[in-house]
């Protein structure tokens, strides 16, 4: 059964346009509630309860109310966590033995966008089959439960404290962060009240930025997708490290004291090296089609098998589970460590990196000695929705020309975004000028063919 609304990371779009409208989201809550209620009736018969968390977008209030109404109409109880990182909702759903978790967020997108994503009772993203079942319920009449069966709602007042303690529990008890000055950039997003406390309570001198959300400034010039603000703050405050989260805190970027930026590919290598040092062996790690070729070569040199998944943390997770491995990442900063959490968690990932540095007594640059990333040029080309870029002879010719020129010492990757009408053009080469030239040629061909 196909899916009309769910993409690679839930349902996402511009607020006010279908499907991110209050009436659709109310029906979505009802549909999800009916699926959950059906599962509960078939198991224990107990009334299901869901947790709803959100980031700091002004539209979150409206969508939260709509979801709550939909779940209530389906006879499902609701717990409201307020602003809460996506991985925090996943953790709390599992820890509180709830039926599901729901996050209202568009992650790294601007405030005009929003989205809805679901977690199952075990803190994992819903399988495709369940998402398709929810979509099927969207076409059915909304039949409100009787008054004695309506769902009830309440606030989870200690949600932030519970999640803070969980994050701290993933850091080795033998270490602390005393003596470290850290800049923590929360992107004016969901972690603004949580992340600074985690690092402070572990002993760090914390300089928080991006912690003044107003409903409209999430990801605006701050956070993991705009790391220049972090670089400036690290240098200005003579900090040891900087950590930037995105709007829902499921990804991160790290900056060292010199202002050097480390992406998810590099951090994956650091974590694998640390795991080898502590466990003796790592069978394999998972990246994506976008992972830098230099990291793949470096991991193989360490005797670690490397597998590329499709782009999207859910696909990295699928490959890890299939193989029974622990570590995976995307260059964008989604890092998975399945012995710590069921999903990508920017705060927990930062703590894993800090623990690796503590154990080794080395800097990030030193741990990456000998690993020089191939230059990559990524261009996001906005297209008309539904544009047939795959059938364009001119685009195919530009791709073929680049692949022929880079044969043996570079890569070309073209993929459509799963969350917006954008074609991502990535070219990797040994020389930055070659990567840029070929990427721009392909991007120009895409613009001409799809405009």
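Using the three backbone atoms N, Cα and C, a Cβ is placed for every residue, glycine included.
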Candidate sharing the Mg(2+) site with 246, 248, 250 (per Swiss-Prot), from 107, 120, 146, 360:
107
Hey, how far is residue 248 (Mg(2+) binding site) from residue 107 (active site, phosphoserine intermediate), Cα to Cα, in Å?
5
Cα distance (Å, whole number) from residue 107 (active site, phosphoserine intermediate) to residue 246 (Mg(2+) binding site):
7
Please list residues from the chain of residue 107 (active site, phosphoserine intermediate) whose Cβ is under 8 angstroms from its Cβ, counting only those at least six apart in sequence.
9, 86, 115, 246, 247, 248, 250, 251
107, 246, 248, 250 excluded, remaining Cβ within 8 Å of their centroid (Mg(2+)):
55, 85, 86, 105, 108, 189, 190, 224, 245, 247, 249, 251, 346
Within 10 Å of the Cβ of residue 250 (Mg(2+) binding site), how many other Cβ atoms can you find? Include all protein chains, please.
31
Under a three-state reduction of DSSP output, how is residue 250 (Mg(2+) binding site) classified: helix, strand, or coil?
coil
